[in-house]
Amino acid sequence: MAPNPLAPHWLVVPDDANALSPELWSRTVTRSSGELTVGGVGVGELQSRYGTPLYVVDELHARERAAEVRDAFTTAFARVGSAAKVYYAGKAFLSIEIARWMTEAGLNIDVCSGGELAVALAADVDPGRLGFHGNNKSVGEIDRAVSVGVGAIVIDSVQEIERVAEAAARHGRVQRVRLRVNSGVHAHTHAFLATAHEDQKFGIALGDAADAVARIRSNPGLDFVGLHCHIGSQIFGSDGFAESAARLLAVHAELLAEGPVPELNLGGGFGIAYTTSDDPSPIGELADRIADVVAAGCATLDIPVPVVAFEPGRAIIGTAGFTLYTVGTTKDVLVSTGDEGVTAVRRYVSVDGGMSDNARPALYGADYAVRIADRVSDAQPELVRVAGKHCESGDIVVDADYLPGDVRPGDLLAVPVTGAYCWSLASNYNYLGRPPVVAVRDGASRVIVRGETEADLLARDAGFREGASA
Ligand SMILES: *Cc1c(COP(=O)(O)O)cnc(C)c1O
């Protein structure tokens, strides 16, 4: 079949628009008599029990993937005579249940606000296994983090050195701290940009690190653990990590001359496939390459290989989740292709959620894929754009994919790879309640975060309370 001229160049017309590309779906997803099932539960049952839109998380996948990512780094660094620590970046998707899955898989957890810290503590995560990030932590957030004994605070500015030291003094603690530096390396998918200084808000310039570390070390309430950097997100290869590791190690070696530097934190950002055109390197390959680069760099500098920490978020939880929607309307829109006098039809398929449950297309131009979830069809594939229900033309869930041409109101659609940065970025735009999160495993489903009701939405409105009877 000829591609629709409106389709992006990377999108291939599928032989079968019902097929599930394994890299996009969590590991327990299959089709059974046409219906998509996950964790042994059919999507029809999920729809009738919980409604749509619905965030569905494959618990087994999330747990296994967390262990797999942890093992990839620990094995790679054991091979070069050192060790690795893996922090799950909670901002990707954090709930009490997910925090438990991560710690049970042997991971530590990164938080970057008082709210994320509260969730981790409510999940009974050992505070010693928490890292606390942020370029503008409040004095109150720092105080709480120090008082509960978080494992490390990532200092992001010179002002924060004093703030953390004061909190440590108040609580009579010695606080372990890392120092985030701006390595000048920024990476995304296949490209990375290396400059002397990146124009961004995080960290302090690499050239200022020695002074900042001297100030940290001069403070008896602070214990310097090492340097930290995070170079971007959705990174497919290892070159950006290699470059930032080399830059940090040079400074790390200088710091070793004045005192211990047990660890180096290279951050997160490991990419995943959102569509079949994405080809991220497997996490084991990335871990091996980074371990080799770090070991070689340390050999050249004649220093021991430090413990290296990583902070993957998306690479752990992204593929564990998909979102279920119900189709409400379809519309064929005649569009000029840009070639003189040539038009083509784009089919808009509107669903019952949208940019409030997945902001990434609107925020980053992110691409997603889509499948009809409750049936298969041998109708010819048609190019579709899945739109949400918000009063906003940029409210797109899936910019372009092919679905069977008989897609119609009432169909259940599943959009894969919504486990990271969808629920956590969700909003109440247009007063839509945020959908529930359901975990499935071994033939059973359960709500791990309940959805919002209209009562929830009205509850914070002071006008509503005034009118309510006492
Ligand atoms: C966002 C973030 C991460 C996680 O990024 P992913 O792309 O989800 O792996 C890790 N570390 C820091 C400091 C971050 O800001």
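Placement of Cβ uses the backbone N, Cα and C atoms for every residue, glycine included.
What TrEMBL says about this one:
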DOMAIN    73-317  domain 'Orn/DAP/Arg decarboxylase 2 N-terminal'
MOD_RES   LYS91  N6-(pyridoxal phosphate)lysine
BINDING   GLY269, GLU311, PRO312, GLY313, ARG314, TYR421  pyridoxal 5'-phosphate binding site
BINDING   ARG314, ARG360, TYR364, GLU392, TYR421  substrate binding site
ACT_SITE  CYS391  active site, proton donor
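Shown here: features listed in TrEMBL, placed on the structure.
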residue	record	contacts (Cβ under 8 Å, 6+ apart)
LYS91	N6-(pyridoxal phosphate)lysine	ASP110, VAL111, CYS112, GLU116, GLY313, TYR421, SER424
GLY269	pyridoxal 5'-phosphate binding site	ALA187, HIS230, ILE231, GLY232, SER233, GLN234, ILE235, PRO312, ARG314
GLU311	pyridoxal 5'-phosphate binding site	VAL86, TYR87, TYR88, ALA89, ASP110, GLY131, HIS230, ASN265, GLY267, GLY268
ARG360	substrate binding site	ALA366, TYR368, TYR421, CYS422, LEU425
TYR364	substrate binding site	none
CYS391	active site, proton donor	ASN430
GLU392	substrate binding site	MET355, ALA362, TYR429
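In the predicted model, the domain 'Orn/DAP/Arg decarboxylase 2 N-terminal' (73-317) shows an average pLDDT of 97. Around the Cβ of ARG314 (pyridoxal 5'-phosphate binding site), 24 further Cβ atoms fall within 10 Å across all displayed protein chains. For the binding-site residues PRO312, GLY313, counting C-beta atoms within 10 A of each C-beta gives the highest total at PRO312. Within 10 Å of the C-beta atom of TYR421 (pyridoxal 5'-phosphate binding site) sit 23 other C-beta atoms, taking all shown protein chains into account. With a CB cut-off of under 6 A applied against ligand 1, the binding-site residues GLY269, ARG360, TYR364, TYR421 are reduced to GLY269.
Within 8 Å of the Cβ centroid of the pyridoxal 5'-phosphate site, not counting the listed residues GLY269, GLU311, PRO312, GLY313, ARG314, TYR421, the chain contributes ALA89, LYS91, ALA92, SER233, GLY268, PHE270, ALA315, ILE316, ALA420. As a whole number, the greatest separation of Cα atoms within the pyridoxal 5'-phosphate-binding residue list GLY269, GLU311, PRO312, GLY313, ARG314, TYR421 is 15 Å.
In this structure, GLY313 (pyridoxal 5'-phosphate binding site) belongs to neither helix nor strand by DSSP; it is coil. DSSP assigns TYR421 (pyridoxal 5'-phosphate binding site) to coil in the three-state reduction, placing it in neither a helix nor a strand.
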